[in-house]
Amino acid sequence: MSHKPAHLLLVDDDPGLLKLLGLRLTSEGYSVVTAESGAEGLRVLNREKVDLVISDLRMDEMDGMQLFAEIQKVQPGMPVIILTAHGSIPDAVAATQQGVFSFLTKPVDKDALYQAIDDALEQSAPATDERWREAIVTRSPLMLRLLEQARLVAQSDVSVLINGQSGTGKEIFAQAIHNASPRNSKPFIAINCGALPEQLLESELFGHARGAFTGAVSNREGLFQAAEGGTLFLDEIGDMPAPLQVKLLRVLQERKVRPLGSNRDIDINVRIISATHRDLPKAMARGEFREDLYYRLNVVSLKIPALAERTEDIPLLANHLLRQAAERHKPFVRAFSTDAMKRLMTASWPGNVRQLVNVIEQCVALTSSPVISDALVEQALEGENTALPTFVEARNQFELNYLRKLLQITKGNVTHAARMAGRNRTEFYKLLSRHELDANDFKE
C-alpha cells in the first residue's frame, strides 16, 4: 500500500505499544515522532510540524479526548485519530461529534488504520492545491520557508536564480515554481549550459537556419521558441561560455531571439529560471561571468540547503525513495532497519539527494530481505565514494587535470601552453582562473 509522505505524532502511555505502532507506521513510509503522555505530545506539537495525531484514549493525567481538546485550542485544523481497547459505539459517536476524525478499537486492523490516516490527511489538506510541489518531499523548516518564497515568486514573471550544491534538486525546485505559476499549462524546458560545446549550446538555445553550419540541413527552432509561453530553465548557468552570455543578455533585454544564420528576430515570451552551484560573484570578480547578466538573472535568489543541513528530511526522503525503488524492482522490500536508518542520518552526503537516491537504489538492488540492513547501507555508501561523477563534474575534472599537465610540460609558460591547447592567451588565462591555477607554481 502506497502512502503520501506525512509526519505523524503517536501518543500512548504504554512504551511497548507505542514502539510497535511506530515501527509499523515507519515501515509504511510515514515519518513518526512519539510521546508517552498528552503533555509531552503538546510539547512536540509546539516544536515540530505534524500532519496528524494518533492517540490512545485511556492515559493517566490527560486522556485522549482531553488531549484532543487541547490540540484544538492551539491547532484547530489538526486531524486526530483516537485508539482504544475499551471503545463503544456511543463513545465513538460522541468523539466524532466533538471533531475527532476517527475512533478505532484495539487491536486495530492495520488496513483500517492506514485508510483512516490517508482519509484524514486528504481531508485536512489545505484548500489551496499543493500539487505544484508534490515532487519535493520535506518537513524541514528551512525547505518549507523556501517553498513558501517559491510559491510567492511563482505568481510573477521575475527571473529567479537558484543556488545550491550539485545534487540538491535545483531542477525539481525550478519545475515546482513553474507548476505554481500562471504559465503551468505551457512547456517547462530545461537545458544544462555546461554540458554542451559552445556552438551546439547556441544552436539549442536560439535555433538555427538551414545552412548556418555544416550539418544544418533544415531550419530548427531553439529552446526559447519551444518554451513559448512557459518557462526555460538554464541549469549550470555559471558554466555558460562568455560569448553566449552576451547573446543571452541581448535576448533577455529585447525579448527577441535570432536563430543562428538568420537575419530575422523572433519575439519570445518565456519566464527564465536559472541555477548554478558556482559562486557567481566570485566568477564575476575573475571576469568569467558578466555582471549585467548576473543582475538580469538574479532578480530573486533562492538557495537550496544541502542535505546535511536538513537531516530531519532524511528519514522522510529515504522511505519515500525506498517505496519508489521497491515498486519498480522488488515490491517485497518494506523498510530500513533501525541501525540502517541511523547510518543514513549520520552520513555526510556530499552528493546530497542525488547521492541518497543512488544509495537507496543500490540497497534495493542488492537486498534479498524485506528490511534493508545496516551492512547493506554501509556497503552502498562506501561504493558511492567510487561512483561515476556527473558529466559536468567529469568534464571539470578533465579540464583541471589537462591544464595541470600542460603547465607541467611547458614549465608554466602560458603562451606555449595556450598554443598547445589551441586557445588564445585570454581564454587560457580564464580557464586557469576558473580552476584556480597559477602558472607561476609550475615554473622552475
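Cβ coordinates come from backbone N, Cα and C, glycine included.
Of the given residue ranges 14-33, 34-53, 194-213, 414-433, Swiss-Prot assigns the label DNA-binding region to 414-433. Each residue contributes its Cα atom, and for Thr231 (ATP binding site) and Asp56 (4-aspartylphosphate) those atoms are 49 Å apart. Residue density at Leu234 (ATP binding site): 23 other Cβ atoms are found within 10 A of its Cβ, drawing on all protein chains shown. Between Asp56 (4-aspartylphosphate) and Gly167 (ATP binding site), the C-alpha separation comes to 41 Å.
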